[in-house]
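So the structure is just underneath, and the comments pick up after that.
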Amino acid sequence: MPADASPVGTDPVSDFWERSRVGWHVTMYGVLAVACLPPAVTGDVVSVVAGAVLGVVYAAVGIPALARRDERLGAVYVTVAYAVFAVLALRDSSGFSLLFVLYPQTFALFDRRPVTLGLAGLLSVLMGVAVGITAGDWGTGTLTALVNFGVAALLGLWIDGVLRESGKRAVLLAQLESTRSELADAHRREGVLAERERLSQEIHDTLAQGFTSVVMLSRVASRALVTGDTALAADRLAAVETVARENLAEARALVAALAPPPLQESPLPEALDRIVDRFRHECEIETSYAVVGDARPLPPHAEVVLLRAAQEALANVRRHSAARAVQVRLCFDAGSTSLEVRDDGQGFDTSACTAQGFGLRGMQARLDEVGGRLAVDSADGAGTRVLVEV
């Protein structure tokens, strides 16, 4: 197939044939009847037999060749059809009516333009010879052949060009539809991954931190029972129950895709106050909390980011810092709101830990969603300062 031919399954000529096949059949047999009727009336058996042969060959070979664009079958059909045309045209002028179907069939059967033009030229020559012999005027026959060939060639090439252009547009539309489908799939996959990442961050910032607290409180309670300090054990077990209840509420909120329970119960400053108070009670670390500026409601997503950042920062203090004192400040400025968590613990080398720890990465991912900023200042033995701004 030539480079400009349509891909298999999108051949415009075959599609055109498929859409209009009934019309092609009716036209073919109607024209064949017109060509054979006068010879039948005059008793010309040769013409009638030739017409019958063409009708059978068209049904057996021509129709499959046109439907499949099979050039080998097409060559067989054209050979018989042109021969029958020559017989009918030489014996009666009604045979020239076959030109109305043979020219279009020639252009429909063969994809290569030189072949179609050559066959159309051959058909025109046969017509010119028939005119010259029957009329006894070779000048008229030649002129008729040239005119018919010119008209057939121009009309055939124009129709072929229209069909090829339609085929290209059909292919382009199919490609656009495929691209749109692939893009929709990509967006869906991206949404699934983003939601999975969001849930991972939520679970890390809530349930995982709560379970860590349960483990620590349980160990303290176990040691207290060993030493006989039942009061401390009871206090820690009560704290375990509180944390477990809060974790259960967090889990239900995740399933229901609601705001964190602390923010459902109270504004952000009060929710942070309760988180800090629980941290102070669980870790027995001197912890202060302050609200600077005039508190104001924030967009829900921004409040979630600040709340989760506080939970993550305090969890890191509990796990890694060995701090004796922690300061938490919520600052409402004119154009932004910031949360600062500072401790006097052992600190760490930020250059060596930039990519470490799911917590900081999750915190940064949350801030990216709201256009916020994260700053972590720390050094070995100098404590740590975490600043989150939205």
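Including glycine, each Cβ sits where the backbone N, Cα and C put it.
Source: prediction; values computed, not measured.
For reference, TrEMBL has these:
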TRANSMEM  22-41  transmembrane segment
TRANSMEM  48-67  transmembrane segment
TRANSMEM  79-103  transmembrane segment
TRANSMEM  115-135  transmembrane segment
TRANSMEM  141-159  transmembrane segment
DOMAIN    305-389  domain 'Histidine kinase/HSP90-like ATPase'
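With helix defined as DSSP H, G or I and strand as E or B, the domain 'Histidine kinase/HSP90-like ATPase' (305-389) counts 33 helix, 27 strand, 25 coil. Residues 14, 17-18, 21, 24-25, 28-29, 32, 35-36, 39-40, 73-74, 76-77, 80-81, 84, 87-88, 105, 108-109 of the same chain lie 6 or more positions beyond the ends of the transmembrane segment (48-67) yet place their CB under 8 Å from a CB of it. Per-residue confidence over the domain 'Histidine kinase/HSP90-like ATPase' (305-389) averages out at a pLDDT of 82.
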